[in-house]
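K.L.:
Pasting in a structure now, in structure tokens, and then I'll have a few things to ask.
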2 protein chains.
Amino acid sequence: MATETIIKTLVRKLPVFSGMEEAAFNQLMSHGTQRIVPKNSAVFQQGEEADLFYLLVQGRLKVTQVTADGQQIIVRVVNPGDLFGFAMALGRKDYPGTPVALVDSSVLAWPMEMMSDFMARNPTLAVNTMQMIGSRLDAAHSRIREISTQEVEQRVAHAIIRLISEAGVKDEGGIRIDFPVSRQDIAELTGTTLHTVSRIISHWQGKGWVEGGRKSLLVRDLHRLQQIADSDI
Amino acid sequence: MATETIIKTLVRKLPVFSGMEEAAFNQLMSHGTQRIVPKNSAVFQQGEEADLFYLLVQGRLKVTQVTADGQQIIVRVVNPGDLFGFAMALGRKDYPGTPVALVDSSVLAWPMEMMSDFMARNPTLAVNTMQMIGSRLDAAHSRIREISTQEVEQRVAHAIIRLISEAGVKDEGGIRIDFPVSRQDIAELTGTTLHTVSRIISHWQGKGWVEGGRKSLLVRDLHRLQQIADSDI
DNA sequence: CGTTGCCTTGACTAGTTTCAAGATCAGTGG
DNA sequence: CCACTGATCTTGAAACTAGTCAAGGCAACG
């Protein structure tokens, strides 16, 4: 099928599958099933038994976790080409978070056993996966450092810069994030409240550095945000 | 040599090396070099080129990271049997943190290339390492959730409970952490200041739940700390 | 065209940090 | 063995950041 071939070609180029033998790759692809995830719906729920692991082909997801007392945080944003829901690789049986589509998305899913089998037979895949998880660990540590040592304004600046670098698109007079992000989302990414985020963005807007909108944000002066993010003191 | 055999037997039992073939394991052990790390000295420095990876045989380390503006955080505490300094697995060439011995410690070191070689040939090792990193990622996310949503007192309670569960030893009328931990250390683990930590511990001491000391802490009522850590609101 | 969801803003409050000073303890060298 | 010194810890008071509470505006959607 045409779409299948397109997807296959796309997937083939992903770093996780680099260095994998053609035969193995083909076998992998033949076992994956595609699924469309409409905006605002979840691929699976936190706590569910992890029987499948996923690859985001197209679209954008946010992975949220809810704490015992109902507070929510966004663990990360999933970009096209990212794997997610690989609970097994983390040595657990249930999904630790809930991935929600920020825009209509399309994912590929495989049975979790395939992952262990394939990794046992494809050391490259295992090493690649490990490095992917490793870089995520690195990112998590950066975030811990930020939340621990920086003030809210710096953290918000950082979060926005990160989103821009992952999904920034040029727009009239600036750069815009390619998918809808609410103030609440930014708050959950930075460990603060939507009120504080709103105040900060209003302030920036007053200075002309950004232009706010409903679930959107146009960055006019990225350099200035960088300064805010990096400012010592 | 006698000590060498003892170490080998100890190492053999570690989860990371479980399922590894005897021959491979022996070869691995024959390439490792032992090193004594005196209290308060660093095994290596953050930013150095990562040419070796390590296993903590005996003792206790804290891994710190310094931010651009000089603020410090403790990334984690390394317990006997833990691997550390495996930068390669994270896909980077330099060490992301500095491990400092909290007590006189002993480590085993291997050339970093051995790690990739061995993982390429021992899928089990690769999967084990991946799961270890995965569980660390899990822990990092928990910490992000805590710092983002909980108040300092809860976070301090959590940190102490974690230290107790990793290295708690019975003492007269309570449990004590097996190695020296300063108020500053706890502050760097929880993203606060030593002043606030001191106040909180003083308060607990007033209630009779703990007993403070210089770089030490006797927990008299662990259950109460649990309550504090888990208290909603 | 009303209802719902998202965003903004002001006023108030509270938890933490910052600043400052002093107490206490451990180790060191005379 | 004891005074000295540096590190660690405690505590008070002031300053402030960010959260909470509350109300209203605005835009999208059915």
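Even glycines carry a Cβ here, placed using N, Cα and C.
From TrEMBL, here are the annotated features:
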type	residues	note
DOMAIN	A:16-113	domain 'Cyclic nucleotide-binding'
DOMAIN	A:150-223	domain 'HTH crp-type'
K.L.:
Provide the three-state DSSP residue tally for the domain 'HTH crp-type' (A:150-223): helix first, then strand, then coil.
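P.N.:
Tallied per class, the domain 'HTH crp-type' (A:150-223) gives 40 helix, 16 strand, 18 coil.
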K.L.:
I'd like to know the mean pLDDT over the domain 'Cyclic nucleotide-binding' (A:16-113).
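P.N.:
Across the residues of the domain 'Cyclic nucleotide-binding' (A:16-113) the model's pLDDT averages 93 on the 0 to 100 scale.
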K.L.:
Using DSSP, how many residues in the domain 'Cyclic nucleotide-binding' (A:16-113) fall into helix, strand and coil?
P.N.:
18 helix, 46 strand, 34 coil
